[in-house]
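Enquirer: Pasting a structure below so you can have a look.
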Amino acid sequence: MKHNGSRTCLNRRSRFGSRERDWLREDVKRGCVYLYGADTTTATTTTSSSSSSSSSSDLHLVLCTVETPASEICAGEGRESLYLQLHGDLVRRLEPSERPLQIVYDYLSRLGFEDPVRIQEEATNPDLSCMIRFYGEKPCQMDHLDRILLSGIYNVRKGKTQLHKWAERLVVLCGTCLIVSSVKDCQTGKMHILPLVGGKIEEVKRRQHSLAFSSAGAQAQTYHVSFETLAEYQRWQRQASKVVSQRMSTVDLSCYSLEEVPEHLFYSQDITYLNLRHNFMQLERPGGLDTLHKFSQLKGLNLSHNKLGLFPVLLCEISTLTELSLSCNGFHDLPSQIGKLLNLQTLSLDGNGLTALPDELGNLRQLTSLGISFNDFRHIPEVLEKLTMLDKVAMAGNRLEVLNLGALTRMSQVKHVDLRMNHLKTVITENMEGNKHITHMDLRDNQLTDLDLSSLCSLEQLHCERNQLRELTLSGFSLRTLYASWNRLTAVNVYPVPSLLTSLELSQNLLECVPDWACEAKKLEILDISHNLLTEVPMRILSSLSLRKLMVGHNHIHVLPALVEHIPLEVLDIQHNTLSRLPDTLFSKALNLRYLNASANSLESLPSACAGEESLSVLQLLYLTSNLLTDQCIPVLVGHPHLRVLHLANNQLQTFPASKLNKLEQLEELNLSGNKLTAIPTTIANCKRLHTLVAHANNISIFPEILQLPQIQFVDLSCNDLTEILIPEALPATLQDLDLTGNTNLVLEHKTLDMFSHITALKIDQKPLPATDSAVTSTFWSHGLAEMAGQRNKLCVSALAMDNFAEGVGAVYGMFDGDRNEELPRLLQCTMADVLLEEVQHSTNDTVFMTNTFLVSHRKLGMAGQKLGSSALLCYIRPDTADPTSSFSLTVANVGMCQAVLCRGGKPVPLSKVFSLEHDPEEAQRVKDQKAIITEDNKVNGVTCCTRLLGCTYLYPWILPKPHIASTPLTIQDELLILGNKALWEHLSYLEAVNAVRHVQDPLAAAKKLCTLAQSYGCQDNVGAMVVYLNIGEEGCTCEMNGLTLPGPVGFASTAALKDTPKPTTPSSSSGIASEFSSEMSTSEVSSEVGSTASDEHNTVGLEASLLPRPERRCSLHPASSAGVFQRQPSCATFSSNQSDNGLDSDDDQPVEGVITNGSRVEVEVDIHCCRGREPESSPPLPKNSSNACSEERARGAGFGIRRQNSVNSGILLPANRDKMELQKSPSTSCLYGKKLSNGSIVPLEDSLNLIEVATEAPKRKTGYFAAPTQLEPEDQFVVPRDLEEEVKEQMKQHQEGRPEPEPRGEERTEPLEEFDTAL
């Protein structure tokens, strides 16, 4: 069999044969390449393996090895060339010597896969085509072609008069010109060129689908063109309108995968700026870069990101160039001919491998801006001293270790110097001569310990954040702005006093006092000196007549000085200090104060808002969370009639006087959570502008009158004592989120739920099942989740919580933050647990299965993950098999900026790594080595500050999905686990978060408290927090038979009988041991929508894997039996998200008990993943004395009941001795596979597993699934008529007499009834 170059066509019914699988297994260097055909109707930017428009004949499977070159595959396929597309983006031609399979293997290896066998398996997965794909022909997208060139044979008439006749001519619109041939369908004759820039395009009314093209100028020419169809007319009008509207002759051909300049573009001789960035331009070929000199008026040329490798020397012949960009092309040197570009003013060479510049560069006397950032320079090139007009030098991301100020002094005209992200450790001053021309300097992210720039007497702005500075010395003659945060500064010296200074940022340092010179700065408007060691605020600072914004939070300030005179202060942040009171004259003297944050202090009272009868306060935002305020402070708030935001959470409020709340008419957001309030005043109805009310964790028993407010949007009354809701006849249309969880006594009728049908998010508790019917839940952990949108209009944070996972003794918790997108967090929320469940059965090594879980989830994002990205955090608790002294181990993996913190013995233990450029120097260096461009706002290519994410595949190899992994055994000292997104940890320290929730009994209230604290401390973004309470005892046994006394030969079959029981040969659909080699792949799998795998169940396992029984985990007290049993393992998951529009719509219309589908979406806690007990697949018939034997077993405490899995909400119990033949008729036992839905999702057929699908039958909302109580309609209850009562009692009596003896009570029964959730 010939494998290299052989072709196998895959269609929706053909399969990956056993012969091919056997051949692949023989050597890991063998594999297959999916070869796609070109389809001009399919967009290259959105193509994927899920593209339904690609016919089966366009997809071929080529078996090859890592040594097979592209030329050999082309020969076998009858192709001229192969093309490679990465991440649905650009398409480049492969060189004949390149090896496609090796390219795939290298790609997977760089993503994070290490095992060669796993790399071979992943390479055969058709879903990979969303990230890397091969074409036999170059694909073209029609709208791309339209923007490059429009052509066709149309009826044309020259001139505005009707003297000329209509004639068919070849018409081309390319670049800035309209080209009309003199002969029909011929380009060899004379071509008439009509420049369109500055001209006009008009509709010809007398002729249908006709346009009049006119050039600019006094002697303008006009051509009338008649099109055959409306679509052609619109295409030409749209493209021509862009050309005529330009002021300059600019042509943008970026991101078109071009290898050469279109031939007709050379007719546009008036082009002044040509953009060819992000293409694959060739040097020597017709239309290549060597022909660009034909544009005689070209002034600007952008050739960045073309992977040229060598500098195009012929570009130096274009003497008219004033702007040239050649960034990210892999240059290692520049030719001497570059000195010919005498008119060049701007030269960008960023992202290459340059180590030196030629001396001829000094000839460019007109050069004003030079960009050589992210190269390999170790010193400032001397040739720059010859550039007398040079104004800006950008050398960020190089390898400079020493900064010689003398070299900068010799550059007489340089004003802006960018040296951030180098390796600077020392600054050398050659002489005392001052430098009078440098005004802006950026030294961020270096390794400086001391910095003396006093010789730069004209310095206006300095950035030196994130160094290791202990002392900073500057000249104050011209200083206007200073940014020196995130250092170790103990002294900042500026002389003379900076009279022009307007902004000063010194946060995150070790300063013990405000510098004296700062107190004397007469124009200082902004001062941020938070996160230092201050003990006081100087009177001169607080009484400054120029200061408008003062940030002194997170210090040790005990008291603020009293104000004597009026001050212009507008923003005051004094949070996290030790203040017991505020100055009495604060509000009366600071009449411009609009924002005050005094949270996390020890305030017991507030100063009066006015000295006289009338208040002049303009205060709008007031944050007083976590103080010692009582009811006595409420009357003072009335003096601030313009308050819009008021936070009084976590104080000691017991009442809120109705008369006082009535006067806060401008109030828009009110947070009263964490107090001791029993009611919200009825006068809240007068706050007509109120849109947010947060009052969780109080003692409120009466629902406030907030549903009459016209603008109310968000209401959080969770963790209170509500018993009922009084709602008006009509609810406000603006209401989006109503949280009533944690109100254990609250019962909502169906009529009430119907009235909330329009609410995006209705959060209520699920009605608990009776104690005798409830399933066995974990006593080792419980969780609470809170998510708040903040000031943004959508929630881009989702969470995953499974208290019972896999075998029922594990748990999985996750947090996903999409920053600005909400799609990816929801996809990860729905898929990642399934991927983990599959991966833990492939490997027991935590590093391996966690890494593979993230990488596979990255792949499953499909097209959605090409341009979007998300931070991800996953925590997996499982039995610890490696450490016999520990019951459970915790494995945490993360990418991005979501973090997990473990509270151990009252102290925080961080388990995550922050993958950002600012916090991880190693990752920043990796990104720099890959020659990425890091913009001044510290973002990779201006997109994200994270270096590792799930998604954002188009930023490969700079952004990777490989996670950081940490494992630790859980001990009795581990109290809780906190998961939070970026916004949470930006505003709360690890220690404060742990201390805030350690003594909160309810995990839901704890999570809510963390989010409230973050918002009160200044967070305006989405914030998400999950708190997992741990109860890991030393006596905890984690084996599968813990707490279960095995029944004797009556309760279950005997051991001998079990040995004879045949093992199941049908694999479980949830066992997760899926392989591309052991399972059959069809084209339907290849063509399935990768982006719609949000609810995919685990793949069908191979036959070989299914025959291997999984050994049961037992301890020495509960030895394993000699016979294995089989059971499908669902899980119990609680999903929380902000929208259910994630591809999970179900085809099943069967109603489910306990789920209210009244038009609004509700959150439902469902069992879909974990098993809580085991059951034999079959057992022999019971002996005749089975009833007596069962009674004896119950007397010994070994009795138990099995709850039907397909009646999880009804709580029906089946006795263990029920006839098995009846059970086998259940769909949940007779079918082990899932049901294929129309969207490609796989769901099992059990009712309990369809709960999540039924929940999504509700109209699509923005906030996911929420817990709804299970309530029976009154008419559904069983009612016995009076005339039949006696007859029914007699029948029940006879039925009881026919039953076995009841179980003994009291001391005879020592153990409670055990109950297990099984697949039955």
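Cβ atoms here come from the backbone N, Cα and C positions, even for glycine.
What Swiss-Prot shows for this protein is this:
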type: BINDING; residues: Asp817, Gly818; note: Mn(2+) 1 binding site
type: BINDING; residues: Asp817, Lys982, Asp1021; note: Mn(2+) 2 binding site
type: COMPBIAS; residues: 1066-1094; note: compositional bias 'Low complexity'
type: COMPBIAS; residues: 1289-1312; note: compositional bias 'Basic and acidic residues'
type: DOMAIN; residues: 782-1030; note: domain 'PPM-type phosphatase'
type: MOD_RES; residues: Ser1207; note: phosphoserine
type: REGION; residues: 1057-1100; note: region 'Disordered'
type: REGION; residues: 1265-1320; note: region 'Disordered'
type: REPEAT; residues: 247-268; note: repeat 'LRR 1'
type: REPEAT; residues: 270-293; note: repeat 'LRR 2'
type: REPEAT; residues: 297-318; note: repeat 'LRR 3'
type: REPEAT; residues: 320-341; note: repeat 'LRR 4'
type: REPEAT; residues: 343-364; note: repeat 'LRR 5'
type: REPEAT; residues: 366-388; note: repeat 'LRR 6'
type: REPEAT; residues: 389-409; note: repeat 'LRR 7'
type: REPEAT; residues: 458-477; note: repeat 'LRR 10'
type: REPEAT; residues: 478-499; note: repeat 'LRR 11'
type: REPEAT; residues: 592-613; note: repeat 'LRR 16'
type: REPEAT; residues: 642-663; note: repeat 'LRR 18'
type: REPEAT; residues: 666-687; note: repeat 'LRR 19'
Enquirer: DSSP three-state call for Asp817 (Mn(2+) 1 binding site): helix, strand or coil?
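Expert: Once the DSSP labels are grouped into three classes, Asp817 (Mn(2+) 1 binding site) ends up as strand.
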Enquirer: Report the mean pLDDT of the predicted model across the repeat 'LRR 2' (270-293), rounded to a whole number.
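Expert: On average, pLDDT over the repeat 'LRR 2' (270-293) sits at 88.
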Enquirer: May I have the list of same-chain residues other than Asp817, Lys982, Asp1021 whose Cβ is within 8 Å of the Cβ centroid of the recorded Mn(2+) 2 site, in sequence order?
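Expert: Neighbours within 8 Å of the Cβ centroid, excluding Asp817, Lys982, Asp1021: Cys796, Val797, Asp819, Ser871, Met897, Cys898, Asn981, Ala983, Leu984, Glu986, Asn1022, Val1023, Gly1024.
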Enquirer: Give the residue counts of the repeat 'LRR 11' (478-499) per reduced DSSP state, in the order helix, strand, coil.
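Expert: Counting residues by DSSP class gives 0 helix, 8 strand, 14 coil.
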Enquirer: Select the most exposed residue of Asp817, Asp1021, where exposure means the fewest other Cβ atoms within 10 Å, treating these as the binding-site residues.
Expert: Asp1021
Enquirer: Residue counts in helix (H, G, I), strand (E, B) and coil for the repeat 'LRR 19' (666-687), per DSSP?
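Expert: Tallied per class, the repeat 'LRR 19' (666-687) gives 5 helix, 3 strand, 14 coil.
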Enquirer: If you count the other Cβ atoms within 10 Å of each Cβ, which of the binding-site residues Gly818, Lys982 comes out on top?
Expert: Gly818
Enquirer: Using DSSP, how many residues in the repeat 'LRR 2' (270-293) fall into helix, strand and coil?
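Expert: Residue counts for the repeat 'LRR 2' (270-293) by secondary structure: 5 helix, 3 strand, 16 coil.
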Enquirer: Against which stretches of its own chain does the repeat 'LRR 5' (343-364) lie, if we need a Cβ under 8 Å and a gap of at least six residues from its ends?
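Expert: Residues 304, 319-337, 370-378, 381, 383-384, 386-387, 394, 931-933 contact the repeat 'LRR 5' (343-364) from elsewhere in the chain.
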Enquirer: What is the separation, in Å, between the Cα atoms of Gly818 (Mn(2+) 1 binding site) and Lys982 (Mn(2+) 2 binding site)?
Expert: 10
Enquirer: Let me spell it out: take the repeat 'LRR 3' (297-318), skip the flanking residues so only those 6+ beyond its ends count, and list any with a Cβ under 8 Å from a Cβ in it.
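Expert: Residues packing against the repeat 'LRR 3' (297-318) from afar: 249, 254, 269-281, 283, 289-290, 324-331, 333-335, 337-338, 340-341, 348, 351.
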Enquirer: Measuring Cα to Cα, how far is Asp817 (Mn(2+) 1 binding site) from Asp1021 (Mn(2+) 2 binding site) in Å?
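Expert: Their Cα atoms are separated by 11 Å.
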Enquirer: Based on DSSP, tally up the residues of the repeat 'LRR 4' (320-341) by helix, strand and coil.
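Expert: Secondary-structure breakdown of the repeat 'LRR 4' (320-341): 5 helix, 3 strand, 14 coil.
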Enquirer: Could you put numbers on the helix, strand and coil content of the repeat 'LRR 1' (247-268), residue by residue per DSSP?
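Expert: Taking each residue of the repeat 'LRR 1' (247-268) in turn, the totals are 5 helix, 3 strand, 14 coil.
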